Amino acid sequence: STSAMRADATRVAGGNRRALRGSTLAAHRTTRRQVREAKPKGAPKIRCVAEPPALPFEENSKHLESWSPNSWRNKTALQQPEYPDEAAVRRVFDQMCKVPPLVFAGEARTLQRQLAKAAVGEAFVLQGGDCAESFDDFSANHIRDTFRVLLQMSVVLTFAGGMPIVKLGRMAGQFAKPRSAPMEKIGDVELPSYRGDIINRPEFTAEARVPNPNLLIQAYNQSAATLNLLRGFASGGYASMERVSFWNLDFMGKSQQGERYLEMAHRVDEAIQFMHACGVEDSTMSTTEFYTSHEALLMEYEEALTRQDSTTGLWYDCSAHFLWCGERTRQLDGAHIEFLKGVANPLGVKVSHKIDPSELVSMIATLNPHNVPGRLSITIRMGADKVRDHLPKLIDAVRQAGQVVTWICDPMHGNTETQGGYKTRLYDNIKEEIEAFFDVHEEMGSIPGGVHLEMTGEHVTECIGGGSGIEVSDLSSRYHTHCDPRLNAAQSLEIAFYVATRLRRIKHQKNPP
């Protein structure tokens with residue numbers, strides 16, 4: 001049985017696990033640094049943060065007493081497909097339990113350390129990629145172009161902020177999508193909603209909209225191929241800083257953002273040449289660290305790819321390095337929170353203006369019971385007109401509870417509207433929400449830890465505005481998304497340049513010239 005197979009999962013002698021846990025706890029207890037940040041009057045001015053522990057919790061942590069990779073099945077799981085053939089679902093699930101992991105526990109632990117730095121302003125998170133990955137659009141060029149734009153954006157942010165950029169792709173697993181309604185109606189025909197290629201197909205036919213469990217296998221295979229290519233790009237020389245001037249996409253060469261990028265790239269080239277002339281050779285300049293992420297929505301897929309780490313005894317969801325829980329599935333007594341609280345990956349939760357501050361504090365305590373830095377990110381998706389009113393209350397509640405999180409801004413999902421018959425987003429609203437996010441953190445004396453964008457390396461026309469001048473009448477020309485509208489490459493880079501000005505401002509406030 002699957003339960004028996006999990007019970008017999010690969011383990012090494014307990015001594016190795018105890019040694020790792022012991023060293024982690026020693027680091028947590030003895031290696032501390034004081035991080036100063038502005039606080040409101042009466043609040044503590046010094047916050048101690050571990051440097052940072054390798055594990056979010058121990059194998060015998062109290063919150064795991066009744067947890068297992070399948071304990072979510074005892075809870076209500078929202079946004080799940082209704083498969084017509086349960087026997088077929090079981091066959092696919094059993095097959096998926098035997099496939100190799102897509103990522104490794106050690107990689108997830110490294111990411112957690114980097115996210116811990118972002119929580120205290122020593123790094124910044126750049127998370128981006130397609131709204132939903134597609135089987136039809138799968139190609140090496142599509143992966144390369146999105147990866148390349150993320151590299152460009154990270155260079156812009158690094159150059160301005162003078163800090164490491166944690167690169168998280170919405171790639172190699174971002175297939176499932178939550179829907180606002182279970183059914184979709186066109187004319188007089190009503191069919192089940194399209195929920196992403198991992199569940200059903202986008203064509204508006206009765207056959208295409210039937211949930212098919214075999215699509216899980218196709219999604220896994222595409223994710224494995226995507227990861228293979230991303231690892232090659234990240235470590236095989238393509239991401240070398242010495243190639244920074246060659247990353248520009250052909251169609252961006254004559255755009256304003258492309259010219260700004262090239263100007264900055266030439267300055268980076270000059271700096272690298274200066275380092276070489278001084279005899280400084282750094283092998284880290286030729287590679288980059290790149291991590292994958294997706295919304296942990298389809299529970300059969302997530303459980304099937306959950307593996308027990310042989311060195312720590314902890315369970316990791318090996319479908320991605322970083323997993324997040326969406327606004328529609330973050331119920332404290334729901335299946336998604338139940339599952340995520342027990343996996344040792346770094347996690348995120350998306351929240352809107354609807355969440356009560358006390359509910360957020362309870363959610364953080366559930367997912368990060370030991371308050372380990374880097375374990376949990378809170379991604380704000382409120383809409384440009386709501387951030388200034390609602391975010392301060394959340395920051396204050398988390399601060400008063402003494403909790404450590406990485407705050408991330410998702411300026412996409414709260415700013416969706418319909419124009420000209422197309423679902424779209426206004427560039428100005430996206431930028432305005434990011435601006436409000438930084439302003440609030442500056443006023444509160446807290447740390448803006450990152451941005452999360454739906455974007456692509458392609459020259460699409462899905463979001464209105466920005467330097468590329470896309471108007472409502474342009475939407476039909478290159479509107480390719482299967483779900484939500486994405487920033488194109490030029491718009492994404494323009495956002496990066498704006499965020500860079502805010503990071504530069506923070507740097508100057510910390511270290512006045």
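Glycine is treated like the rest: Cβ placed from N, Cα and C.
What TrEMBL says about this protein:
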type    : residues                               : note
BINDING : Cys131, His413, Glu454, Asp484         : Mn(2+) binding site
BINDING : Arg170, Glu327, Arg328, Lys350, Arg381 : phosphoenolpyruvate binding site
Fewest other Cβ within 10 angstroms of its own Cβ, chosen from the binding-site residues Arg170, Arg328, His413: Arg328
Spatial neighbours of Glu454 (Mn(2+) binding site) among the binding-site residues Arg170, Arg328, Lys350, defined as Cα within 10 A: which are they? Arg170
Could you give the Cα-Cα distance between Lys350 (phosphoenolpyruvate binding site) and Asp484 (Mn(2+) binding site), in whole Å? 16
Output, ordered by sequence, the same-chain residues six or more apart from Asp484 (Mn(2+) binding site) with a CB under 8 Å from its CB, or 'none'. Cys131, Ala132, Met412, His413, Thr416, Lys423, Arg425, Glu454
So if I draw a 10 Å sphere around the Cβ of Arg381 (phosphoenolpyruvate binding site), how many other Cβ atoms end up inside it? 22
Just name the winner among Glu327, Glu454 (the binding-site residues) by count of other CB atoms within 10 A of its CB. Glu454
Using the recorded Mn(2+) site (Cys131, His413, Glu454, Asp484) as reference, state which further residues of the same chain have their Cβ within 8 Å of the centre of those residues' Cβ atoms, listed in sequence order. Met412, Thr416, Cys483, Pro485, Arg486
